């Protein structure tokens, strides 16, 4: 199993992470889908190694992207499992 790197940072102040070519999410930011904040994420298409963002798996092949939001590389859905305190590891 390949060690996956974190996907590229994106969004205001680089506080988000890319989840797909047009999806940028962060705990404090929520998710940007198809907006200017997510443009940088298209660069992932040119990088040879796979990446993964988010902590906890959710939905169909997605990962928790922000509070109450689950994203895969194509779309995001609301997901109660991804809310703060719903088994997410706490960051100090």
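In case you wondered, yes, glycine gets a Cβ from its N, Cα and C as well.
The disulfide bond annotation in Swiss-Prot covers 7-51, 10-24, 18-41, 25-31, 58-70, 64-82, 71-76 and is backed by similarity to another entry.
Structural mapping of features recorded in Swiss-Prot.
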residue	record	CB count, 10 Å
10	disulfide bond	25
18	disulfide bond	25
24	disulfide bond	32
25	disulfide bond	30
31	disulfide bond	21
41	disulfide bond	26
51	disulfide bond	15
64	disulfide bond	25
76	disulfide bond	21
82	disulfide bond	25
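Other Cβ atoms within 10 Å of the Cβ of residue 71 (disulfide bond), summed over all protein chains shown, number 28.
If you check the disulfide-bonded residues 31, 58, 64, 71 against residue 51 (disulfide bond), none has a Cα inside 10 Å of its Cα. In the structure shown, the C-beta of 70 has more C-beta neighbours within 10 angstroms than that of any other entry among the disulfide-bonded residues 7, 70. Rounded to a whole value, the Cα-Cα separation of residue 18 (disulfide bond) and residue 70 (disulfide bond) is 13 Å. Listed in sequence order, the disulfide-bonded residues from 58, 64, 76 having a Cα within 10 Å of the Cα of residue 10 (disulfide bond) amount to none. Here residue 58 (disulfide bond) comes close to 64, 70, 79, 81, 82: these same-chain residues lie at least six apart in sequence, with C-beta atoms under 8 angstroms from its C-beta.
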